[in-house]
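Asker: The transmembrane segment feature in TrEMBL is assigned to 20-36, 48-68, 105-126, 156-175, 182-202, 222-249, 261-285, 305-332, 353-375, 395-420, 441-459.
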Amino acid sequence: MSESTQPHQQANNLWSSRMAFILAAAGSAVGLGNIWKFPYITGENGGGAFVLIYLACIFLIGVPVLIAETMIGRRGGQSPVATMRTLTKTEGTARGWRAIGWNGVIASFLVLSFYAVIGGWALVYIGKAATGLFTGADAEAIGGQFGGLLANPWELLLWHSVFMAIVVFIVGRGIRSGLEKAVNMLMPLLFLLLIAMVIYAMNSGSFGRAVSFMFSPDFSKLTTAGVLTALGHAAFTLSIGIGVLMAYGSYLPKTVNIARTAMTIAVVDTSVALLAGLAIFPLVFANGLEPGAGPGLIFVTLPLAFGQMSGGALFGTIFFALLLVAAITSAISMLEPVVEWLEEHKGVSRAKSALGGGLAIWVIGIGTVLSFNVWDSVHPLGFIPFFEGKTVFDLLDFLVSNLMMPLGGLAIALFAGWAMKREGLPADIGLQGGSYTAFMFVLRYLTPAGIAVVFLYNLV
Ligand code: PHE
């Protein structure tokens, strides 16, 4: 394939190093999913056994799609839509596979519209922690603070806007001077903050209990629903199936070994999730809180612990800063497919694409802002039994996390495993001989079967 059909594969445009790509892709993977969701679903599903299944899903289902999606992106070297259009031609496949590209651009557009609202919560909570609002507050007061935030559309809108502005600014500056610079600074910061939290938690007295909760599997606590939650979360946390890795992969130098790189990204992502658990559960146990408290775990339960402990204002601030950093590096990756599409298909400059795309996403995000208050009883597709009782936010989350991401991942596994030509694949993926054969077996059979099971389950 000639260079001109792969516009992103120009030397001045590429990630400057393998490390730069790893930081950006790991930055995308490590997000609210790791720090907010992983701890609470682990808590709800009884700990160790759930963690074990989650790890298996990451490596058997997540990593193969991560590899395939990055490889497809690099081969196409364009926006997800154009990449899929080119590949269906060069690989001689059915045109229908192009839906993968569209699915990616639309899903990343939609996911950012609500992710940015939650990102705004992190901004608010940094302020709350830093100004000592949790100090000495009881459960009711802290619950009231969270409820008060959700009930106030203007406050939500303000922080949603600030969060989106940060994201647009970074993405608008381009791959090297925007995304790379940002992740070069933010990812090490994230690790430092996380280590600080874990060290604090180690001294809190309940560290041992947290370790055994997370790592000694008790299979009697694991339900079928728990297994499927683990599977679904493995896809979400690795950012697969949504065009993001395809977009990032389009700037990946040809010399980089994708299989090895993907493994590194998965290991980083998993380590952050586990460390987040090790930072949070000791505090939960030390303060007699409930690990299975659900989605409010870090916004309602944890502030209670920060309010009781010495240095809690400082550690609370650190914790929510950590959450913010993780959310930003994920959010910039969500804007990337949209921006690439605007650049290539509408011929708009990068800065303007980021601004225009960001603005459109911000507008859609207002739907999510309102669904926590003014529109909390508005159920747009409520007349369809399936969507009954779902607010705008619930609907978007369901659409993206339960439909578009798994279907995208499934299609990518099938496209790379069955539809693409075999020649050149081992070199492109970076595997040879037995490990290539084993990989292809997993990609062709195990991965699609696994995703199909979760997908069908989520529908029922
Ligand atoms: N992986 C991110 C997280 O864990 C979420 C994400 C989904 C990012 C889809 C990009 C694309 O929070």
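Cβ from N, Cα, C; glycine included.
Curation plays no part in TrEMBL annotations; they are all automatic predictions.
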Asker: Return yes if the transmembrane segment (222-249) and the transmembrane segment (261-285) have at least 3 CB pairs under 8 Å (sequence gap of 6 or more), otherwise no.
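Answerer: Yes, the transmembrane segment (222-249) and the transmembrane segment (261-285) are in contact.
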Asker: Out of 20-36, 105-126, 261-285, which stretch has the largest tally of CB pairs under 8 angstroms to the transmembrane segment (48-68)?
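Answerer: Counting Cβ pairs under 8 Å, the winner is 261-285.
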Asker: Which one, 105-126, 182-202, 261-285, 441-459, has the most C-beta pairs under 8 Å toward the transmembrane segment (156-175)?
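Answerer: Stretch with the highest Cβ contact count: 105-126.
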Asker: So are the transmembrane segment (105-126) and the transmembrane segment (261-285) touching or not, going by 3+ C-beta pairs under 8 A with a sequence gap of 6 or more?
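Answerer: With fewer than 3 qualifying Cβ pairs, these stretches do not touch.
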